Amino acid sequence: MKVTIKNINKEIYVFEVNGDLTVAELKNLISEKHNQTPSWQTLIYSGKILEDKRTLESYNITDSGFIVMMIKKPREAPATTPAPSTTPAPSTTSAPTTTTTAEPTPTTSSTNNTSTTTPTSVPTPTNNTPATPNPTPTTSSTPGSTSTTSPQQSSDFATGTELEATIKNITDMGFARDQVLRALRLTFNNAERAIEYLVSGNIPAANDPEDEEEMEGGGGSGDNPFEALRNHPHFNLLREAISKNPSIIPGILQQLAQTNPALVRQIQENPNEFIRLFQGDGNPGGNPGQFTLQVTQEESEAIQRLQALTGMDKSTVIEAYFACDKNEELTASYLFETADDE
């Protein structure tokens, strides 16, 4: 069978393989031919993330279709600073160090639409472990860092069609729907975190059996459920903070969930109305339909890659990108699935 691979740089790789080839074997083949690390590859076909153990023919891949390949490099672990010691450290220590050697920059050409691929790997900073660990937890004050690793750290605001697409993508990977719904709720609809829960099999029991029904139903009464909350003190603080820096939404929601989980649930279930409230209360004298969103250089590059990959307009890509919690792979999957539906 003919398998066409398309990456975000519009490069196309074509392979002639047997239908019983597994996805993992295809990733290894891509690695051999085009030097792409298999563990960094995410393959998507018809809005589904391909599982390593399944065969290509099980996904009914056609000769005219193509597989989207996303490359996601692992995040670098920040260097750990040893606690100050009152005695000088010996010249030799048994503390392990971890280093990663950068791979050479290869040049490869694809079968069709020949182009050049130059993947590079940045060495991981050395992680020095102190000889005597301090059992007392410490909090770092480094800007941009966070002291929590809770799976509820981020929110993708998925709702309605977007949420159902996310649920379908995950259930298609073989997980039970009720477990998927529970994992998504626990992670504020963050698909990547939810999958981590599902893979580990350690999903905390739901506190409220009606929560999953509320997630599916969309919740909220009236045209805009936030009209009654317009003067709520928590909501006003949230609105002011987000208007200044939208990137702090996940952290604020996590804190707000401790004091007003009902409000957070309404925000998750009604993201469009939530955004319209910002637009309606925008800068005086400005366009009431205009909302300025600040993005980092990395986020801007991801949005541009998604535009080039899908051919969709920038506003559509941005909306999907933030709805998917800035997950580039999930955004690509959602955009392709939306395009197929239309």
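Each position is counted from 1, following the chain as shown.
Every residue, even glycine, has its Cβ placed from backbone N, Cα and C.
Record features, source Swiss-Prot:
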COMPBIAS  77-151  compositional bias 'Low complexity'
DOMAIN    1-76  domain 'Ubiquitin-like'
DOMAIN    161-201  domain 'UBA 1'
DOMAIN    297-338  domain 'UBA 2'
REGION    77-157  region 'Disordered'
Helix, strand and coil counts within the domain 'UBA 2' (297-338) (DSSP): 35 helix, 0 strand, 7 coil
Residues in the domain 'Ubiquitin-like' (1-76) grouped by DSSP into helix, strand and remaining coil: 18 helix, 25 strand, 33 coil
